[in-house]
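Q: Summarising the annotation, TrEMBL assigns domain 'SAM-dependent MTase RsmB/NOP-type' to 24-293. The annotation S-adenosyl-L-methionine binding site is assigned in TrEMBL to Cys111, Ala112, Ala113, Pro114, Gly115, Gly116, Lys117, Glu135, Asp180. Positions annotated as active site, nucleophile by TrEMBL: Cys233.
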Amino acid sequence: MPELPAKFIEKMKLLLGEEEFNLFCESYGQEAAQGIRVNPLKISRDSLVSRVPFSLRPVPWCRLGFYYSPDDRPGKHPYHAAGLYYIQEPSAMAVVEILQPQPGERILDLCAAPGGKSTHIYSYLGHTGLLVANEINANRVKALAENLERWGARNILVTNETPEKLAERMPAYFDKILVDAPCSGEGMFRKLPEACLDWSEGKSQRCAAMQKNLLAQAASMLKPGGVLVYSTCTFSPEENEEQVNSFLQAHNDFEICPVENDWLAPGTLAGTVRIWPHKVQGEGHFVARLRKKGDAGAGRILRAEQKLWSGRKSGVDKINDVSPEVQKLFATFCRETLNIVPEGPYLMFGDQLYAVSDRLPELSRLKISRAGWHLGTVKKGRFEPSHALALGLHAGQWKRTVNLRADNEDVYRYLKGESLMIQGGEQGWAIVTVDGFPLGWGKLVNGQLKNHYPKGLRWG
Ligand SMILES: C[S@@+](CC[C@H](N)C(=O)[O-])C[C@H]1O[C@@H](n2cnc3c(N)ncnc32)[C@H](O)[C@@H]1O
């Protein structure tokens, strides 16, 4: 049980009243709930449930989510490395269910690392539309990109930008925006007791000022008729209902779009929701859904988009800017190794080849971590396929497979970076799979599988 800060206890007593506060306190004696969320782009819910050795129970507010038991170790199963599920705190799964992403939409996840909500959004976009996943912290953006790649995401733009810079470049650009804001983190004290040490009375106020700015920037990037979801993992009203209230006062072109959900408790601001650890199996969260008034098809917006898409100097033009030599190398690789040719347009970033979404905004002078589906690296006249390419492929799309079983030690040897002896005389790039699901690349040379599982991802 975490040692809760005295001032936090005082604050919660006032917020909840004596009787409910006692129930709230009792919840700290129970274990934090743990969850995984299925990747529907790779496997169905039922198929995953029947294959994994975990005891799974559905999360009521997320059709892709399951609780697992404290004895399960989903992070150590090869299916995790294959991107068949994401380990996520169950309450956090409510946020994207409330956003309701639809295929074909352009969606911004403004505070995205490490990618829990981004992978969830992408599950509903499929390989359509565009997900812009932004993270201001350069270290955290790396984990975000890796998690999206493991998910098999292709129609993505991963940026490492300030909200101001994005807002300047993409006015009224998105159908939906998620602001999963940095916050005082009170809702995570049970799961991460060390968060208590980082808490102070003034923290909520400091966070509230930052959140106010994030919301204002997000508002300007949303199309009329678009939806903005704001979420935190804190109990503090200054960062939740009061934050939304003052946003609505400053932005009279927004209104609350009420969340209807039988499982989640109403916030003190009508139409918003709270997730309480003493009411459901999950940690503390707040979610508000806001709608920008107006019609997304208005002429004003069409003109704004045209402006972005005209003068495509370094954005879309660059996409075609792949030299004939690289095109030839890639075509040869596809012919020898794949049964498909990943659809362009293509873009080179230095020596990295990408298949990008044809809906990308102008990219120049933005700090980009990933600009679509990373296909591989061109080095010294050779094309080397990327991990993201392997993880984004579906069954039947490659020629050579080395299939390993989840219950066989070879799969762990592969994930540790070891070479494997292989029967059969095939040579060349092969997709290494676990029970048919891609894990990464290997190269078959004279009965040996040379390991190309990325060094930074290898299991210790
Ligand atoms: C609550 S976490 C996001 C969790 C993430 N949405 C997920 O589901 O995995 C908030 C993130 O916002 C980032 N952040 C902090 N200040 C920011 C800012 N001004 N603009 C954008 N992101 C910011 C933090 O680095 C942190 O990664």
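The count begins at 1 with the first shown residue.
Keep in mind that glycine also has a Cβ here, set from the backbone N, Cα and C atoms.
Keep in mind the model is a prediction, meaning the values are calculated, not measured.
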Q: For the recorded S-adenosyl-L-methionine site, whose residues are Cys111, Ala112, Ala113, Pro114, Gly115, Gly116, Lys117, Glu135, Asp180, find every other residue on that chain with a C-beta no more than 8 angstroms from the centre of their C-beta atoms, and list them by sequence position.
A: Asp109, Ser118, Ala133, Arg140, Leu144
Q: Give the helix, strand or coil assignment DSSP yields for Asp180 (S-adenosyl-L-methionine binding site).
A: strand
Q: Taking just the CA atoms, what is the gap between Ala113 (S-adenosyl-L-methionine binding site) and the residue listed as 'active site, nucleophile' in Å?
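A: Cα-Cα distance, Ala113 (S-adenosyl-L-methionine binding site) to the residue listed as 'active site, nucleophile': 15 Å.
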Q: Taking Cα-Cα distance, which of the binding-site residues Cys111, Gly115, Lys117, Asp180 are within 10 Å of the residue listed as 'active site, nucleophile'?
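A: Asp180, listed in sequence order.
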Q: Return the residues near Lys117 (S-adenosyl-L-methionine binding site) by Cβ distance under 8 Å, restricted to its own chain and a separation of at least 6 in sequence.
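A: Ala92, Val95, Val96, Asp109, Leu178, Asp180 - these are the non-local Cβ neighbours of Lys117 (S-adenosyl-L-methionine binding site), listed in sequence order.
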Q: Across all chains shown, how many C-beta atoms besides its own are within 10 angstroms of the C-beta of Gly115 (S-adenosyl-L-methionine binding site)?
A: 28
Q: Can you tell which of the recorded positions (Ala113, Cys233) has the fewest other C-beta atoms within 10 angstroms of its C-beta?
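A: Candidates: the recorded positions Ala113, Cys233. Fewest Cβ atoms within 10 Å: Ala113.
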Q: Please report the number of other Cβ atoms within 10 Å of the Cβ of Asp180 (S-adenosyl-L-methionine binding site).
A: 25
Q: With DSSP assignments reduced to helix, strand and coil, which class does Ala113 (S-adenosyl-L-methionine binding site) get?
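A: In three-state terms, Ala113 (S-adenosyl-L-methionine binding site) counts as coil.
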Q: Looking only at the domain 'SAM-dependent MTase RsmB/NOP-type' (24-293), what is the model's average confidence as pLDDT?
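A: The answer is 96, the mean pLDDT of the model over that range.
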Q: Please state how far apart, in Å and to a whole number, the two most distant Cα atoms are among Cys111, Ala112, Ala113, Pro114, Gly115, Gly116, Lys117, Glu135, Asp180, the recorded S-adenosyl-L-methionine-binding residues.
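A: Those residues reach a largest Cα separation of 13 Å.
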Q: Can you check what DSSP calls the residue listed as 'active site, nucleophile', collapsed to helix, strand or coil?
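A: Reduced to three states, the DSSP call for the residue listed as 'active site, nucleophile' is coil.
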Q: Near the Cβ of Cys111 (S-adenosyl-L-methionine binding site), how many other Cβ atoms are there if near means within 10 Å?
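A: Excluding its own Cβ, Cys111 (S-adenosyl-L-methionine binding site) sees 23 Cβ atoms within 10 Å.
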